[in-house]
Amino acid sequence: MIYDHIIVRYGELSLKGKNRHHFINRLKDTVKRKLKPYPEVTVQKAFDRMVIELNGQKHEPVIEKLQEIFGIQGLRLAVKCDLELETIQKTALEAMRDAGPDVKTFKVSTKRNYKQYPHDSQELNHLIGGYVLSNSEDISVDVHHPDVEIKVEIKPEAAYISCMDYPGAGGLPIGSAGKVMLMLSGGIDSPVAGYLAMKRGVRVEMVHFHSPPFTSERARQKVEDLTKVLTKFGGSIKMHVVPFTDVQKAIKKQIPDNYSMTVMRRYMLRITEEIAGRNDALAIATGESLGQVASQTLSSMNTINEVTNLPIIRPLITMDKIEIMDISRKIGTYDISIRPYEDCCTVFLPSAPKTKPNREKANRFEHHMEIDELVQQAVENTETVFFSEAKTRDDEEFSDLL
Ligand code: ATP
Ligand code: MG
């Protein structure tokens, strides 16, 4: 059977009252952008869902793309047919057969939005189910645990018939919730934090600190590759690469070893806050997880957090490393994150940083530093690069044809 439509079910955005229109438009923009490699495919939005017409395009790659989009709860592969009862019955039978030879039980679930239709949902369930039964062998109805559920929707313009559902990515449409600066290292955690922040609808820009010549081009490449993977979910992403060597040298010279990490993090936040201000971002996101390492104890976070008033979003705060690693594998960042590299933090840091720093001491140690100058200099010399959405093999094949 050739499925010719995909019905996109909105997630939580259906709860958003007045903003609903805005959310649906954001979602439609993303859907259209993601489906650009498939020019025959068309998208129509409605109040309660989006209907995608495949026009001959195979559904598998389209479903795959749609599953990367936040704000979509579920996808339903469907056949559109006219409202003649006989056509609906035949199409339902075909969909059922298409579901495979192992199917032994089924049920029909009809939803009738078009109230003028001469049969109600219950009657339709019986009329369609009866037809399928009398035209199949070795098959029975099971209303509780069917192998296949044939879903029939009766709309004024047509009927949609389906027995294939796919989960969506959930969350809220990208761009519906403002912008956040993500502090992106080359580790496992921060890309996952970025993914989860994007899931709630924010657009992210990356801030990465590097310390040449102590950190190499390879380390930077790694962060670029991670950003490219995240464009799959967030569309184009801006990345700010901050030269951090001078700050780190100053810390090395002026701060006692056991406070150098705390002070370094405070600089990272001050600089990120400044970059956020210049780029209209309203918050900062990090990959911190409570208690994971010395800089992520409550005392550390309390002392580090003192230097900024911006909200800090920490999507991983209560997660275990195992859970974080699972997500990183799922989203495709894990293999990049585990490439060996030297991080600016590890190059300069003492082997035993203080796990219980406090604000008072941090301020006392920093007192002699030219904080504003160091921050301004780092911000002025920051390099900004753009990454547009990562190309999949399909897209490349498509662009070859142009
Ligand atoms: P990750 O796996 O994300 O590197 P981590 O477990 O190594 O995290 P830390 O090194 O303590 O933890 O870093 C905590 C957070 O600080 C990171 O998740 C990231 O948000 C930020 N961070 C660390 N190093 C950098 C860097 N070089 N550039 C930008 N942000 C950084
Ligand atoms: Mg790290």
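Cβ atoms are placed via backbone N, Cα and C, with glycine included.
TrEMBL does not curate its annotations; it predicts them automatically.
If you take every residue in the domain 'THUMP' (60-165) and average the pLDDT, you get 94. Annotated domain 'THUMP' per TrEMBL: 60-165, in sequence order.
What TrEMBL lists as ATP binding site is Met183, Leu184, His208, Phe209, Arg265, Gly287, Gln296. Reduced to three states, the DSSP call for Gln296 (ATP binding site) is helix.
Secondary structure from DSSP puts His208 (ATP binding site) in a beta strand. Close to Met183 (ATP binding site) in the fold, though at least 6 residues off in sequence, lie Ser190, Val207, His208, Phe209, Met268, Thr272, Ile284, Ala285, Thr286, Gly287, each with a CB less than 8 Å from its CB. Under DSSP, the residues of the domain 'THUMP' (60-165) split into helix, strand and coil as follows: 35 helix, 34 strand, 37 coil.
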